[in-house]
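Below is one structure, written out as structure tokens; the observations come after it.
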Amino acid sequence: MKTVSANQHLNVHACSLNEYDRQKITISGAIYRIRKLGGGLFFIVIRDGESLIQCKLESNESIISIEEYSEGDYVSITGICQKENRAPHGAEIKVQSIEILSKSTEEMPFSINQKLFEVGLDSNLNFRPISLRHPKQRAIFAIQSAISMLFRQGLSLIDFTEIHTPKLVFAGAEGGANVFKVKYFERELFLAQSPQFYKQMMVGVFGKVMEVGPVFRAEPHETSRHLNEYTSMDLEVGPIKSFEDIMEIETYLLRYIFEELPKFCSAELKLLEVSMPQINNIPIIKMSEALEIISKNRKIKDRSDLDPQGEQIICQYIFKETGSEFVFVTHYPTIKRPVYAMEDPENNEVTLSFDLLFRGLEITTGGQRIHDYKMQVEKMKRLGYNPDDFVSYLQIHKYGMPPHGGFGLGLERLTMQLLNLSSIKEACLFPRTINRITP
Ligand code: AMO
């Protein structure tokens, strides 16, 4: 007897059911729905972590009593697999026996077997282990999983090495107040705001490095675009000729991810009716030009950064002019960029850096870094840092570094924009915000 369980045997999927025509098989999963068809006929639909499996039960032919089972019960079903065009994956199981592996003791807080998922954000997040079982919620994270896998795969293909850097760190790399302090025995450490210093250190070792990992920002506000813990997809590379090399790599990588994505999650992309962006060349504009465009729409108070509305105006303008849903905005003001950012030698009020905006939202920051020791120490002093606090980081500058740069791409922000979600919390399995720390 063959056992088909996507949970236990990763190489066998519900979608390969039709390979077992007329054979006796066992599957396991949670009861998704029980449908009475009349004449003693029932459908029990099983959710097996991969997909749905239709099982047909003729109760008058068997000793199985359907009343024993309810939605959510985790069961093991044995029966004969048979072709059925109307069933998911073209096959169903004619049930011979059912074993309950785990009985659901409570009624579901909401239905997860309806086509639409009409549950408010708070209930969705409060009952996250349950809401994520809805096919539409699950689809978000199947797509997200494929994105982060393709990020790593796309960079492996061009010889990047994957690294894993500490999340307990001696200093916040991004400046600002949004750093979490951690009591570390008798000392104080911080939760990493980004892998910035470490990925730079590793350029001196491998030349091209990448990391996908958690980072922490003590955001004291709830917004639709901020989390206090998010997944950062980072790369760092040297030697480079200019920070434009970094934008070229990001263009290649996004093109790769969006071209490959349908191969890994076409059913989920279809279920969520995702409109895939087309990437040819991504338009590039300077921050000063962006501000000019925005000022034609409305007054600008702060000329050092783009606010959310400004980002939307720029994206709408670029889409109208070029058809691109992405735009690089370059040369951000020095006062708005962290201490490691390389200043433009022709105008030190701006940096050789960029943000990438996608459908009205910043999803990436990147740029060239300072590689010269004197220049880095001078900038630290100018910004009020004590270089003695950064001795281990400054080793890279002291002992020779190539011109280098990189970027950080927020996985949840990319997911949110691609899937047209209204809050970043929907793009995070278990979001952390100032008001939410469970589940
Ligand atoms: P930055 O701080 O701009 O740059 O962050 C990079 C990207 O991370 C995402 N992001 C966030 N996502 C969710 N919640 C937040 N609170 C949050 N903050 C940032 C955004 C943003 O574009 N070290 C640099 C990157 C680099 O230059 O390599 C950095 O971390 O998508």
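Placement of Cβ uses the backbone N, Cα and C atoms for every residue, glycine included.
The ATP site recorded in TrEMBL comprises ARG217, ALA218, GLU219, ARG225, HIS226, LEU227, GLY410, LEU411, GLU412, ARG413 together with one of GLU162, GLU289, GLU349, GLU362, namely GLU362. Binding of L-aspartate is attributed by TrEMBL to ARG217, THR365, ARG369, and the same site annotation extends, among GLU174, GLU260, GLU268, GLU321, to GLU174. Record note: among 100-103, 196-199, 352-355, 372-375, 196-199 is the stretch given as region 'Aspartate' by TrEMBL.
Looking only at other Cβ atoms within 10 Å, the busiest spot among the binding-site residues ARG217, THR365, ARG369 turns out to be ARG369. In the vicinity of ligand 1, defined as a Cβ distance under 6 Å, the following of the binding-site residues ARG217, ARG369, ARG413 are placed: ARG217, ARG413. On the backbone, the CA of GLU362 (ATP binding site) and the CA of ARG217 (L-aspartate binding site) stand 16 Å apart. A strand conformation is recorded for THR365 (L-aspartate binding site) in the three-state DSSP classification. DSSP assigns GLU174 (L-aspartate binding site) to coil in the three-state reduction, outside any helix or strand. For the domain 'Aminoacyl-transfer RNA synthetases class-II family profile' (141-431), the model's pLDDT averages out at 97.
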